[in-house]
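Peer 1: Before I ask anything, let me first share the structure, which is written out below as structure tokens.
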């Protein structure tokens, strides 16, 4: 990838240092985090019970293989499972090509579902052993037999369907197409495992819910809510007591929010298909059952803003350009205006992104503090990430109140996998495991404000 001016949005440092950091970022993003994070539904059962039941379920799914599951020492509803890899897997002659999103899911423990398959050998039959590759540039056409474009190896599997069933069916194809038996990264598949008790969620995304600090009986708005992981976490932290309003402007995504809420037994969530920019009205007599809402309608607001997504992992298809990266700032500011208007005085606003750019994070905080004198930065609990990054004109005290997850800063494959110089492998302690989990995450940013 040509890194040109893109590096300038990542850090207020010299060009040389910025380019090195950007290269580390690209390398880091092509690998999954070192640990799988599971958010436990502690509103339904204790963490200890969920930990035990998850271990038993995964043991059955994995052929009686014991899997390490440890609680995070600082976050009361998180379980951590180490990811093993990259492993020395020998590539086979038969190749299956999958889309980049499917390939990323495989790197995090998923099997290959049939809709994600783009190309297979001409005569592939059920039971054939195949190597799975992810299409890096989105150039593989569906039904291809011999794709030669840029691709990356993600592991070996066994075909669960014939080629004709995948590409020649009149009905939309469903189900597992390739069952992974030798993935490049060994991580348990959670397909159908404890759907109401164990929810796969990136660690910083779980931190956001705790930082927001929802309390039973409050009315809370999640402005850009799909697919609903944070929405459901907020409702769970409230013990289902109160109201969580979730907005998203794509109807299919709203359905996904409601499905997740139902699976997790959370009936205090009300999801609406609506553009959050227009979610505030001037008519105080407006029926507040659905959007738009009168000003000061909510005790807390989460603005998990649309962003460039430069922190998502694993992400092997690097297609970003400077114009696209910079296009999100105006949208985020429009959403911010709405969020502040909908928040009650004395209420809490949390702004978060899954990107690492200065423009979408610290610069937005500086802009918000200048634009809205009623907002002040607040301490975050838990605070397991780093402080904010220099370059946006924020004071050292303000930077310390921000929380930034920048996995590329100290990243290397050996460090991320916990490989050391010791000749014997000792089981990691919960504290050591949590330290690694806190560092080797997706890229993420959190700011917490109080409206006076």
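Just so you know, glycine gets a Cβ as well, placed from its N, Cα and C.
The feature domain 'SAM-dependent MTase RsmB/NOP-type' is assigned by TrEMBL to 123-452. Sequence annotations record features per position, and here TrEMBL assigns S-adenosyl-L-methionine binding site to 224, 225, 226, 227, 228, 229, 230, 248, 283, 304. Taken from TrEMBL, the feature active site, nucleophile covers 354. Here TrEMBL flags 415-434 as region 'Disordered'. Per TrEMBL, compositional bias 'Polar residues' is recorded for 423-432.
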Peer 1: Return the residues near the residue listed as 'active site, nucleophile' by Cβ distance under 8 Å, restricted to its own chain and a separation of at least 6 in sequence.
Peer 2: 202, 204, 205, 307, 309, 311, 312, 442, 443, 444
Peer 1: How big is the S-adenosyl-L-methionine site in terms of the longest C-alpha to C-alpha distance among 224, 225, 226, 227, 228, 229, 230, 248, 283, 304, in angstrom?
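Peer 2: Farthest Cα pair among residues binding S-adenosyl-L-methionine: 32 Å.
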Peer 1: Sequence gap of 6 or more, Cβ distance under 8 Å: name the residues on the same chain that satisfy this around residue 228 (S-adenosyl-L-methionine binding site), in order along the sequence.
Peer 2: 246, 256, 257, 258, 259, 260, 261, 269, 271
Peer 1: Below 8 Å Cβ to Cβ and six or more residues apart, same chain only. Which residues does that give for residue 224 (S-adenosyl-L-methionine binding site)?
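Peer 2: 247, 248, 276, 303, 304, 305, 306, 335 - these are the non-local Cβ neighbours of residue 224 (S-adenosyl-L-methionine binding site), listed in sequence order.
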Peer 1: What are the sequence-distant neighbours of residue 230 (S-adenosyl-L-methionine binding site), meaning same chain, six or more residues apart, C-beta distance under 8 angstroms?
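Peer 2: The answer is 205, 208, 209, 222, 302, 304.
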Peer 1: Summarise the model's confidence over the domain 'SAM-dependent MTase RsmB/NOP-type' (123-452) as a mean pLDDT value.
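Peer 2: Summing pLDDT over the domain 'SAM-dependent MTase RsmB/NOP-type' (123-452) and dividing by its length gives 91.
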Peer 1: Take the Cβ of residue 283 (S-adenosyl-L-methionine binding site) and count every other Cβ within 10 Å, whichever protein chain it belongs to.
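Peer 2: There are 8 of them.
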